[in-house]
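Scroll down for the structure; my scribbles are underneath it.
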Amino acid sequence: MILPPGLRPGDAVGLISPSGPVRTPARLARAADALADLGLRPVIGEIGATGRTGAGPAERAGELNAFLGDADIRAVIATIGGHTSSELLPLLDYDALLADPKVIIGYSDITAILLGVYARTGLVTFHGPTALAELGEYPRPLSGTSAGLVAAVRCGDPVGELRPAREWTEEFLAWDRDDHRPRVTRTSDGWAYRGSRVVTGRLIGGNLDTMAALLGTPYFPDLAGAVLFWETLTTDLGEIDRLLHQLVRSGVLDDVVGLLVGRTFRGNPGLEADVRRLVAERFADPDIPVVTGMDIGHTDPMLTLPIGVRARIDPGAQQVEILDAAIR
């Protein structure tokens, strides 16, 4: 396992667009301001700065590789997810990343890069906020999102215990039209725990759809002994079942020791309970700890999870804890 250097005040952070385009420059500017408020120096990549669409894999990989090879850049954060970040995996300069490890942050489709880099290099990557979706929040990022990011990438200590947000939101506001008020939040019911076994394992995961697409490639990490986390934007229970069942049938989940599941997003009122039931069916061992409804997906605020460090689940104490520092 390789730890990247932690971020310090004044460090440059590259904002990359490896998947979807930037269509709302005002929101990107607000994200850059939010990073500056954290004492960092945002550097917007050309694809995001120009708002161009249709950049091909070579161009998108070139932008990312340029940041990876720049000694001044200490972290890269994706501007937004999408569908095509996996196209970059054969084109990335892994040697440059090994020579000068950097913090890499994103989620959703960016899972492909997070897991691909971890599988190929052993570098800890970070499942956390993107620039547009979270850091560009009006009028500023939610405090839980900012605090989780800082705890993971700026402090030299382990993140420690993960706690549910007191309030959360899934309200959709069109960024090109309605992005001028805070979103409505609701009170959290906390996280649901199942199982009795206390487990420790490497924390690995990301977007369920993207993980399923990486199966059978060199960019899918070994999950033996892992605490697996996943989230999905999908609201159709049958589709979630299909994706989860694909992972189960492939055998990659046979030696997973625990499961963390992100809160469902904008589904019907019963979807969260349906997902809990579905997970119980797919992971039939009642002792395996499962935590559902976590703040790790497309609802806000979101926690930042370091991929590759050890995590501990204690269902009896209703506690999830990250045990290792993710930076050096």
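Note: Cβ is positioned from N, Cα and C throughout, glycine not excepted.
Spatially close to Ser108 (active site, nucleophile) yet at least six residues away along the chain are Gly81, Gly82, Thr130, Asn207, Thr210, Leu233, His298, judged by Cβ distances under 8 angstroms. For Ser108, the entry in TrEMBL reads active site, nucleophile.
Cβ contacts within 10 Å of Glu231 (active site, charge relay system), excluding its own Cβ and spanning all protein chains shown: 27. Residues or ranges marked as active site, charge relay system in TrEMBL: Glu231 (among others).
A simple way to gauge crowding: the CB of His298 (active site, charge relay system) has 21 other CB atoms within 10 angstroms, across all the protein chains here. If you look up TrEMBL, you'll see His298 (among others) marked as active site, charge relay system.
What TrEMBL records for 13-128 is domain 'LD-carboxypeptidase N-terminal'.
The domain 'LD-carboxypeptidase C-terminal' feature in TrEMBL is assigned to 200-313.
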Per DSSP, three-state class assigned to His298 (active site, charge relay system): coil
